[in-house]
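According to TrEMBL, the features are:
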DOMAIN    32-132  domain 'Thioredoxin-like fold'
REGION    201-233  region 'Disordered'
Amino acid sequence: MVDLFLDRVLVENNWDQDERNTEREMIGLLENRILLLFFASAECRKCQEFVPVLNDFFKRLKDPAYIEYPKLLALIYISLDQSEEQQERLLKEMHKKVLFLAFEDPYRRELQAMFKVKDVPTVVVLRPDGSVLSPNAVQDICRYGSDCFRNWQESAEVVERTFMLNEEYDNLPPFRSATDLVRRLKYKTEDDKRQKNWWNLWGKGKNGNKEEEEDGTWDTKKKEGNKGIWRRR
């Protein structure tokens, strides 16, 4: 999967349109993921109608606003537009986490020939090893929505990870959810409580002895059989 885009430049569909071109970045974006190659054109009416459906599908699997752990999925837009303006027009309608190839990159047409794409819209689904899982998943996405990802995942034997990924959680706060801190306090162990109480009692006892030592006396009532006041020599 990563080899398919090594030595290429992928651009993020965010405000800055950040470019990703190092091997490390490609591994972080594509390794152990189901990859969707979305072939489309802004001039195609069916493509325009499909983009909102694809956006909803994608955000339900990747957007932290909809899912706690984003799925191992990547979406790359392969433009078949006739001009850069047309490509930009369609990208404005797509999710900000979508990746794309620059309009001047001839690799767009190479991918079209490689996967024998003749009609648009086409969504080619690839396994992590680069093999084709579905030559065109447009109908499945329209019919089943995000549920079809589960079938792809099982078929591709993608290992699901439930810990946070650097790519998705660089800017998240320390707790995974708004209620995480509340749960930690609510279910604090009794051992922790006992340890805290013991520490407080030990501290009080130590402070009390210290005051008595500073005064130079010991309370005779605490020692039976002794009379008078003991003083240090």
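The backbone N, Cα and C atoms fix where each Cβ goes, glycine too.
Note that the coordinates shown come from a computational prediction; the quantities given were computed from them, not determined experimentally.
Confidence in the domain 'Thioredoxin-like fold' (32-132), given as mean pLDDT, stands at 94. According to DSSP, the secondary structure content of the domain 'Thioredoxin-like fold' (32-132) in residues is 34 helix, 23 strand, 44 coil.
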